[in-house]
Amino acid sequence: IVVTGCGSGKTQEAPAAGNASAANNVSIGMVTDIGGVNDNSFNQSAWEGLKAFSAAKDAKVDYLQSQSDADYIPNLNQFVKDGRSLTWGIGFMMGDAVKQVADQNKSAKLAIIDAVVDAPNVESVTFKENEGSYLVGVVAGLMTKTGKIGFVGGSEIPVIKRFEIGFTEGVKAVNPSAKVVINYTGAFNAPDQGKATAATMYNDGVDIIFHAAGSTGDGVFNEAIERKKKNKDIWVIGVDKDQSLTFGNEVTLTSMVKRVDHAVNQISNQVAKGEFKGGIQELGLAENGVGLPENNPNIPEDVLKKVQDYAVKIVHGDIQVPTVTE
Amino acid sequence: MSKLIYWLFKESSLVSLIAIGIGLLLGSLIMLAGGYNPLLAYGSLFGKAFGDVYNTGETIRQITPFIFTGLSVAFAFRTGLFNIGAEGQFIMGALAADFVGISLHMPWYIHVPLAVVAGGLLGGLWGSIAGYLKAVRGVHEVITTIMLNWIALYLSNYLIKAWLLEPGQMRSKVVDKSAWLSSAGLSELFGGSRIHYGIVLALALAAVFYVVLWKTKQGFELRAVGLNPDASEYAGIQVNRNVIKAMFISGVFAGVGGVCEVLGVFHYQAVNTAFPGYGLMGIAVALIGRNSPVGAILGAVLIGVLTYGASGMKFGAGVPEELVSIMIALIIFFVAANQIVKQLLKLTAKNKKEVL
Amino acid sequence: MQQEHIAVEMLGITKRFPGIVANDSISFKVGKGEIHALLGENGAGKSTLMNILFGLYQPDEGEIRINGRSVQIADPKTAIELGIGMIHQHFMLVESYTVVQNIILGTEPKKGLSIDYSRAEHKVRELSERYGLQVEPGQLIGDISVGMQQRVEILKTLYRGADILIFDEPTAVLTPQEIQDLMAIMKNMVNEGKTIILITHKLKEIMAVCDGVTIIRRGKVIDSVSVRETSPDELASKMVGRQVSFAVDKKEANPQEAILKLHRVTALDNRGIPALKQLSLELRRGEILGIAGVEGNGQRELIEVLTGLRRVQSGEIRLHGKPVHNATPRQIAESRVGYIPEDRQKRGLVLDFTVSENSVLKSYYFPDFRRHTFLDYDKMSRHANRLIREFDIRTPSEHTPARALSGGNQQKIIIAREVDGDPDVLIATQPTRGLDVGAIEFIHKKLVEQRDKGKAVLLYSLELDEIMNLSDRIAVMYEGTIVGIVDPRTTDEQQIGLMMSGSAVRQGEEST
Amino acid sequence: MQFLQMTGELMHTTIVFATALVFASLGALYSERAGVANIALEGLMTVGAFTAAIVTYFVETQLGGGAVSPWIGFAAAVAAGTIFAVPHAVASVTYKADQIVSGVALNFLAIGITIYLCKVILHGAAQTPTLKAVFTKWDIPFLSEIPFLGHAVFSAYPTSYLAFMLVAVSVFVLYKTPFGLRLRAVGEHPKAADSMAISVSKMRYMAVMISGALAAMGGATVTLTTTSNFSHSTISGQGYIALAALIFGKWRPVAGMCAALFFGIASALKSVFQVHGITDYIPVDFIYIFPYALTILVLAGFVGRAVAPAALGKPYEKGQR
Ligand SMILES: Nc1ncnc2c1ncn2[C@@H]1O[C@H](COP(=O)(O)OP(=O)(O)OP(=O)(O)O)[C@@H](O)[C@H]1O
Ligand SMILES: Nc1ncnc2c1ncn2[C@@H]1O[C@H](COP(=O)(O)OP(=O)(O)OP(=O)(O)O)[C@@H](O)[C@H]1O
Ligand SMILES: [Mg+2]
Ligand SMILES: [Mg+2]
């Protein structure tokens, strides 16, 4: 089972299946990978966006959790054949499945996060993670005391690569002598590996770790919390959501927020208004798709100022953040 | 046909049937305890599995790999070996088919058989590693096959990334159409589902299972070695060679299963961080099917329907899909501890006599 | 006998197993300080009766009295508490444990939380001296002789304070010398006030040490007699219900040329220690050559090198003049060697195969049993049916799994298969072990028949009587070599027994 | 210096990963020494991991358990593991089922039932929230100050100390006490034990339940020291590795512990190698393969034919001849 996406967050109350009642006849389905909508991560963020949409528009929303990657297509089909107004596929790995279902059902509308599907009836949403990661890289570069910074990724897939490259570029821009230690754990669901990796990095002199590894990243936080209790001067930069809400401000320096919930909500709204067009949406800093959270109590004013400056440059195109290593 | 009915109702099969019954019954009790409606749940489970042609096709698609791995485990069982490694053999079979499908280009009537043979061979070889270690070095196959599963997983990941990767994806390139086991026609017939000709191959292999084991001299040797290696050695049968052979054939069954998933369902192989789980389910299938080819088919149908229908149960009755794993576990448990079931049988038999 | 002098009394004991009444209202009593024998054919129900006395089985009906008191023996624990001890037909010893550990198992003396081994050892030594049961407390069971293992078994019961000892066929595995020692030990124990129940098939032993004997046939008591008032012949006929002759009925042998020759063969045992040392031997057509020896002197290895189951380190084996050492079992079988293995359930049969499949275990691949490339089960069935008729195998059908047959009939399948292959050499190892008189008679007849047809028969048995009765020549093995070849007509058991223990070497007329 | 640093790091991480394996393989030792094969280790660990997570979570959030919460979770896991092992004993001891099959069934059951309960208890969530109250490392005074070694060995989770202590206790129990003598006798020659008035099934039930308790400690260790939550992938193969460690150690407690440590090294290598840049030379997949391949090589080569308890895997039938 390939796990997609990353992020973290917490909500306890989530209905088992969807909310019924479809006054305006808009009904939307969402297919997740094996993690399900309570994965503290990507799927959860998407489902929160859909629930927000449902609450605002009184629309019917449901999700189906896949038990294996063979389930993606039947699950998507379940919604498509049910005549849903829109069917979401959440995550990079669902690209092929969405493509196939879209081709077989030309009249159905589908949308996907993190992958580009070339079909007229599919809306593909990707994020410019490199841009947001650049900004947290600036924070890390300015705030490191040891000159050693860590990056912990899940699998080496293009999405995560964008995080890594944006981040290192950001660090380089403000602190060329700093060293970024990069580690892919190979999984998004292995907090034990995340924890061991973080321990190794911190022992090696790293004082700030940025993770883009789903619940593997929870392990990074756990290690940091344990060390913070012993008054070690170390930080974690969270991902996808404002992870200080989950892990507290003692260890969370900031987070690279990726607004999957916004994207899901927004596109679902378009469908509700009959404005679905299909195609590709790339959400970056300019579109407010990625960025830092509102509150950053741990970042000094001057650093935040610097971050603001770089953000402006990126939005204006003065800085082109690469997505692949040249 | 009457033979089949006889086979279904002789005691050993009856044990399976009753175990299934107990599994479903306990499943409903658990649902009741969780505040769900079991009738609604089973209704939506079977509704999902057989509700329309599309889902029926998908159910068959789900059943197919279980037949292969079930045959694999059952064959090993028949020869006295416990093959927990169908998972790894499945992956290696898929890898070989993926390689042949992507790297070679030829007409379908060569391409498909070549991919199937390559996958079967690699799966078989992977199995025979465990056979070799058991025969020559005396290492128990349960341990080696478990280890080989993980090795297969990571090795195939590495090889896909090294040779076959579709740039920007965590999967291989797509195999040539000429190697596909799926056809638009068949798919159309089943509402666009991913049913493929692997099911035919699976049924054919079930027949091969029967013929090899009970109609050939190799089969005689394999069974003898499985039941009593000492007596086999005494009778001049080469025990070591037969252990390796048995694991090879067992691996072929699983390997071809992997081939069919690649050529029939996905048309590529993904870089996986966890097992697809067909091998482990093969154990359940074989046990429920009393290690016979027909049993494996029926066992695969049961497991396939339950696992595919699980999401229907979730959708229709809110019951978590994991309930299906619990039921499957209970079924295996009662098949294994068949003395419990037999005791129940005896009790009911006694009651019947008293009534008569 | 007066009531207070009775140690054990069993009254109307009935025990049924599915399809058989193993004990059918059995009653008998044993006086205190008596050695009482239980005599009966295989399957007569002796072990079952004693297992009931020891609490391993529960009787369906009947009453047990110990020292005059009626008791319920629910489990071995109760039996032990009542002062009953049992030395089982098959030893109940943990191989990887020491002598002391085996003896104290279940009633360990403690010091704090741990076992007090020094106290245990002390007590074991004390007991062993008192009863003349010489053992080495610290040794592992796997490393000591069968005779010593039996002494450990006896000490186990004495350690638990047993006054009533049950011996189930204790002499079956012992050498003549060890048997004599055991008899002395038994006498000794009786003198110390113990009571003994002895199960044995050997009339000689009963006559030598027992006071009384109870004869059981088909689960029923036939008679209880005092040994002083009976004779072996009388006991034997009571046991089987007809007159039996102990001598095997056979003509003079007519030995011809040597067909199987071993020359300076050496081989290792499973632990890698030399088990055969420069062994030379010849087997001739038209004779039965018996191999005698105490268990563990290389007999098993000898048979295994002959049948291709064990590698030869050096030396050569020739069959029909052609070298066959280190040939595979199949090559040897195909050079017309038949082999009746020692352990029929482990080696001789695939118990879950049908009678028919077992009957072709060595010939399933012959064209006779094939149609085109596939096996033809009908042909196998016909073949099996013929054997079932010719060898009088009692089975519901040829499709019955061998597991469902009785021991004697299982053995007959093997004999049928091996003899029907028309071998030039027939190797028979312990062919009658655990069988009753009727079955033994049948098998002996078959072996002699083979000899008379001009085949060469190699017989290995731990029963000296069997070797003496059947063989035309006897080769005695000791520590991996043949220490002598003797003519059974001109030697006695005493002499062979001495050779077996390595203390006398007598060269036969044509020794190698 | 770099090398010393790396070795110390490796030892430290090794102990973290090995602890769960030490517990579980020690558990299997009891069961297998009594003659009951225990492939259910994986499932027992899963149950332990789940129980520890869910109980700790509720004690922490609902009862305000604070720092004792993980201990309560740990104890609950032990109880749950003990109970969950009972079906395995019932099937394989009382009903003479194939022990491996019964174990496999239990593994299926464990993963199904834990996630099912998780969803039922946590309103649909397939994993528990991240625990705040988990075990923290104990620094042994003075000893932990020793350069490199101190950090590597004497700054460990309480569970690690407990695991190594239990190894010592087990050596005593198995080899010095009447209980141990009887337990091993039951695994070697149940009939002999039976005839000495030792109840084979009672011993085997106890052994299987002890193994459940210990394996659950292993599972609890994983959630309470490394993952801080429970999900379907919390226990993914550790049970099988623990079983391999047991066999690797030839069914002996100290050797089994060493084998567990060895597998711990293999897991630790993954992160240590990556952080220190060794993966630039060896593909990371090969590092993943390493422990499994080594297990096979070792079992095939160096260990030779390990002698399993003689009656391992064989149901004992009273009165069978
Ligand atoms: N556990 C059992 N289940 C079924 N039948 C049994 C069992 N034990 C013994 N029997 C049967 O009961 C009968 C008596 O067996 P028992 O072992 O008491 O004979 P025995 O007189 O000791 O014979 P032997 O001289 O061969 O030791 C036999 O027919 C045997 O098959
Ligand atoms: N444990 C058992 N369970 C069920 N049936 C048994 C058992 N042991 C023996 N039997 C049955 O009891 C009968 C007698 O078996 P046993 O081996 O004791 O024969 P026997 O009296 O020794 O005969 P033979 O002289 O042929 O060896 C057989 O029909 C056998 O199938
Ligand atoms: Mg007997
Ligand atoms: Mg008998």
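Cβ coordinates come from backbone N, Cα and C, glycine included.
Fair warning: this is a prediction, and the values are worked out from it, not measured in the lab.
A Cβ distance under 8 Å defines the sequence-distant neighbours of the transmembrane segment (D:12-30), meaning residues of its chain 6+ beyond its ends; these are 38, 41, 44-45, 151-153, 155-157, 159-160, 163-164, 166-167, 170, 174, 183, 207-208, 210-215, 217-219, 221-222, 225-226, 238-239, 241-243, 245-246, 249, 251-253, 256-257, 259-261, 263-265, 267-268, 271-272. Residues or ranges marked as transmembrane segment in TrEMBL: D:12-30 (among others).
What TrEMBL records for D:39-59 (among others) is transmembrane segment. Sequence-distant contacts of the transmembrane segment (D:39-59) (same chain, six or more residues past either end, CB-CB distance under 8 Å): 20, 24, 27-28, 65, 68-70, 72-74, 76-81, 84-85, 88, 99-100, 102-104, 106-111, 113-114, 117-118, 121, 128-129, 131, 133-134, 211-212, 215-220, 222-224, 227, 229-230, 234-235, 237-240, 242-243.
Below 8 angstroms of C-beta separation, residues 36-38, 40, 43-44, 47-57, 59, 65, 99, 102-103, 105-106, 109-110, 159, 201, 204-205, 208-217, 219-220, 223-224, 315-316 of the same chain, each at least six residues beyond the ends of the transmembrane segment (D:71-93), sit close to that stretch. Per TrEMBL, transmembrane segment is recorded for D:71-93 (among others).
The transmembrane segment annotation in TrEMBL covers D:105-126 (among others). Residues of the same chain lying 6 or more positions beyond the ends of the transmembrane segment (D:105-126) and with a Cβ under 8 Å from any Cβ of it are 39-40, 42-44, 46-47, 49-50, 54, 84, 87-88, 91, 230-232, 239.
Residues annotated as transmembrane segment in TrEMBL: D:146-175 (among others). Note on the transmembrane segment (D:146-175): residues 4-5, 7-9, 11-12, 15-16, 19, 22-23, 26, 29-30, 33, 74, 135-140, 183-184, 214, 217, 220-221, 224-225, 253-254, 257 of its chain, located 6 or more positions outside it, place their CB under 8 angstroms from a CB of the stretch.
Marked as transmembrane segment by TrEMBL: D:205-224 (among others).
Non-local neighbours of the transmembrane segment (D:255-274) in the same chain are 6, 9-10, 13-19, 21-22, 25-26, 29, 164, 167, 241-242, 244-246, 248-249, 282, 284, 287-288, 290-291, 294-295; each lies 6+ residues outside the stretch with a CB under 8 Å from one of its CB atoms. The feature transmembrane segment is assigned by TrEMBL to D:255-274 (among others).
Residues or ranges marked as transmembrane segment by TrEMBL: D:286-308 (among others).
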Self-check item: Cβ contacts under 8 Å made by the transmembrane segment (D:205-224) with residues that lie 6+ beyond its boundaries
Solution: 19-24, 26-31, 33-34, 36, 38, 40-41, 44-53, 56, 70, 73-74, 77-86, 88-89, 92-93, 131, 134-135, 157, 159, 162-163, 166, 183, 186, 230, 234-235, 238-239, 242
